[in-house]
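Taken straight from TrEMBL:
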- Gly296, Gly297, Ala298, Gly299, Thr300, Gly301, Lys302, Thr303: ATP binding site (BINDING)
- 755-775: compositional bias 'Basic and acidic residues' (COMPBIAS)
- 275-576: domain 'UvrD-like helicase ATP-binding' (DOMAIN)
- 751-775: region 'Disordered' (REGION)
Amino acid sequence: MAESTLIMTKQANDIDGSVKQKAYTFLQKLINDDSAPGLHIEPIVGAVDRRVRTGRVDDKYRAVLFKLAGETPTYVVHGIWMHDEAIRQARITKFRMNPVNGVAEIIQEEAAAEPETQPESRLAVVEPEVAAPAEEPPRPQPLLSVSMAELVELGIDSRLAQRAVQMTDDRAFNALVTPSPTSQLPTWQSEALLALATGSSLDDVRRDLFEAPEEVAAEGRVDSAPEEPVVPGSDQELIAALKKPASQMQFAKIKGADELRRVIEDGDFGAWRVFLHPVQRTWVQKNTNGPLRLAGGAGTGKTVVLVHRARRLANDRPDARIVMTTFTRNLADDLASSLKSLDPQVPQVGLGENGVHVTGIDALASAVIRSAQPGELAAAAQKVLGAARADVGGRVDNHLWGTVAGEVSELPEKLRNARFLESEYEMVVLPNRIVDEAGYLRVRRPGRGVRLNKGVRQAVWQAVARYREEEALQGCADFAEKAAIAAECLKARVADGGHVADHVLVDEGQDLKPSHWMLIRALVGARANDIFIAEDGHQRIYGQKVVLSHYGIETRGRSRRLTLNYRTTAENLRWATARLKGLDYADLDGQEDTVDGYRSARHGAEPVVKSCSGLVEELDVTAEVLRGWISEARQSGRSEALAVLMRDKQQRDRVVSGLNERGVAARAVDRGGVGAGGVDEPVVMTMHRAKGTEFTKVLLFDVDLEGAGRMSHGYDFSEEDQADAQKRERSLLYVAASRARDELAIVHSLKKYRGRSEARGPEKNQNRPVHNDQD
């Protein structure tokens, strides 16, 4: 029996559902013994590549493979087609190392028979056969600012390069450079051209695609011996080419039967586990002395990098104590599930144990508090609250700040507001560990948007004192206070036993509050690879903006922004980013955060916007759209994840009921897993709950297209805070729209929404972030 190494291409893992089980059986047999009866691994007479083989999947389907010789044979799986098409593909397809840059790629030799250029006859501006007019209409400008020669020097196929530099239409260009089973365009060439068309320079492309990740030896890691040189043109040269970062965008080694089954069953949705962009791979492997920050728009793969990095750190040092955390419990559950799916062998453990501890940030604070001794807890509370309390485990009434605001008559009317007091407390009082009025009168308040004289500060402190007194009576503390107290507990333990973590990885960092960042800094000491942060300032839908350096976390010079969206189509992405137009955003370093260069590698249908007269029609239209999607999926046999997203839980329950009444089975999602969200039962959830998820098709229900901002009620104590609240509302719509992979529908009744907002006015505690992470 001769075992084989299996390499899957990105296109090959998207296997037709009717043949997936047979494909798995065939490939598993191939791994175990390529000479097994029934596989029929055969060369093709007259093929352009001597390495090509086909194998029998069943009576109708054959696999196209490339066999590379070595200590054990290596098979590169090109794809599975019906018999005649498989034979045709095998005859014309070649697996090679790009002669310019050494990247492994699959090309079609028959492309040489194509004409040198294919004019964009439907897109070109036709010159009139008359005398030139006084003002000639402007000619469309090419999308690329580089020459054909420069593209060829990069390694781009000359025929593709010649066509690419002539393109003036975005959709035609994307159709040209998008890999497909028919085009067989190497993934790296597609990415290079897309990057150049959206503002990247040739140097940027070379750096991102061809420079290897930094090879800084991690602690506890043994460097491997240098590889022996290989003979040019040999199979070993091709095997070495497969290890290049740009090659690994398209080719991945399959490790074991479990991974093979996951790759086949999950198809494109599971591609993130095995196919990484070189920039992503660099940030998985990167070792530095100090924190790292990875920014990027929705769908750019920040969380993918974070999960892969957690696995890498765990594999480098099995005794490492790793914490992976995020803003909500639901997102933490998703991280835990993703890590298990990526590598079930990585142990998921409790805080302080060897392995990866995955938790929501508030649950993390509560765990530290529960583990603290009464004296330790009282000392920490003294530093945070000014009172040596050990009874801080209870939950605070959500209306407490509103109650306190109404009791302090000395506060100006605009500041007699729960939102202002809570924000001032979380952004100024707690981070500065203020425990008395004198401390509050002295503290600086940069960036708060509203000036406070001495009298107003005294009134604010009176409200803070009453808030803390009421908490003491109830034996409770709010989430921000618990995070601050937990941080003080951890800092006190350092002298006795050191820090409780070696590495901390933070997802959705833009939503964390100052007390959260102080807790994260207290978890791990300053060391190599201590903190890794994934964030997107455009997705900040909770809390207010913070700057990491204010809390002992310095990432300047160790930051990067991802720009390639892997999730949604260019059409959906354009609609989503348009919600952010005219707004200024900042990242966690306090620098401007833009969507410049943000692009998608996929195209699809334009989003559909449905205008309705009221709730009944909105529900009718929603049911109609879902029925259409369900019918299309069933007819095609595709497994599709469908979702309906809306602003709040009341709407969610109303939509579920309305859809069921109209014969469309739908399921509400709150806490717990989202599940399949398949065609038989679309899921319905709030836009906040949808954070971190993705679906094949998404419908946004009762959308305010103006983005006027339900969040802005209660923030009129300062123009800056009101504008920031409206910005978060726009960000929420951006988050929701970017959950859709293929199709997006928007249902709205703008007149109804405006009427409801004007009649309702400000609501007490409306849309306060719901923390559900504690226990």
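Each Cβ is built from the backbone N, Cα and C atoms, and glycine gets one as well.
Distribution of TrEMBL features across the structure.
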residue : record           : Cβ neighbours (10 Å)
Gly296  : ATP binding site : 25
Gly297  : ATP binding site : 30
Ala298  : ATP binding site : 25
Gly299  : ATP binding site : 25
Thr300  : ATP binding site : 26
Gly301  : ATP binding site : 22
Lys302  : ATP binding site : 25
Thr303  : ATP binding site : 21
(request) Would you list, in sequence order, the residues of this chain other than Gly296, Gly297, Ala298, Gly299, Thr300, Gly301, Lys302, Thr303 that have their CB within 8 A of the centroid of the site's CB atoms, where the site is the one recorded for ATP? (result) Val304, Asp536, Leu562, Asn565, Tyr566, Arg567
(message) On average, what pLDDT score does this prediction assign to the domain 'UvrD-like helicase ATP-binding' (275-576)?
(response) 94
(request) Tell me whether Gly297 (ATP binding site) sits in a helix, a strand or coil according to DSSP. (result) coil
